[in-house]
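Read through the structure below, which is laid out as structure tokens, and then see the notes.
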Amino acid sequence: MQLTSYTDYSLRLLLYLALQPKDKLSSVKQVATIYNISYNHLTKVTYELGKLGLIETIKGRNGGIRLAKAPEEINIGAVVKQTEDNLELVECFNHETNTCILNPVCRLKGVLHEALTAYLRVLEQYTLKDLLTNEDELQALLKLKP
């Protein structure tokens, strides 16, 4: 299963913010530049993560963004489920658009559903804090430490 760039950027933004001092504000432009990703796309991601209560956005001249929750309170599986617009691996997962003639007897759908459930279950075992065990290396790569 491949995550969308939207989810990828969401996770990267959360990781970046988790590496910052608790009260430090970052800018979307700064994060987009560091990751070499679209500012406009990251702005949409930022807006959505704010609506989900994962990041805090402060408007104004001295505004910026920061985590709204502690890293240990942000579950990776939950973020993926909230930011992926479609977790249907195959057409038959959607009863409204399914046109596969094998559907009544197909066993593949069950196997794929089991695989998706296992995939999400693994992601749900981790929090943002779990991704920070190599904090020094991450900060060096993101040029957060001199």
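Sequential numbering from 1, following the chain as shown.
In case you wondered, yes, glycine gets a Cβ from its N, Cα and C as well.
As recorded in Swiss-Prot, the features of this protein are as follows:
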{"type": "DOMAIN", "residues": "2-133", "note": "domain 'HTH rrf2-type'"}
{"type": "DNA_BIND", "residues": "28-51", "note": "DNA-binding region"}
{"type": "BINDING", "residues": "Cys92, Cys100, Cys106", "note": "[2Fe-2S] cluster binding site"}
Long-range environment of the DNA-binding region (28-51) - Cβ separation under 8 angstroms, sequence gap at least 6:
5-6, 9-10, 12-14, 16, 57, 65, 68, 83, 142-143
Where does Cys106 ([2Fe-2S] cluster binding site) sit in the DSSP three-state scheme?
coil
Local Cβ density at Cys106 ([2Fe-2S] cluster binding site) - other Cβ atoms counted within 10 Å:
14
In the DNA-binding region (28-51), how many residues does DSSP call helix, how many strand, and how many coil?
21 helix, 0 strand, 3 coil
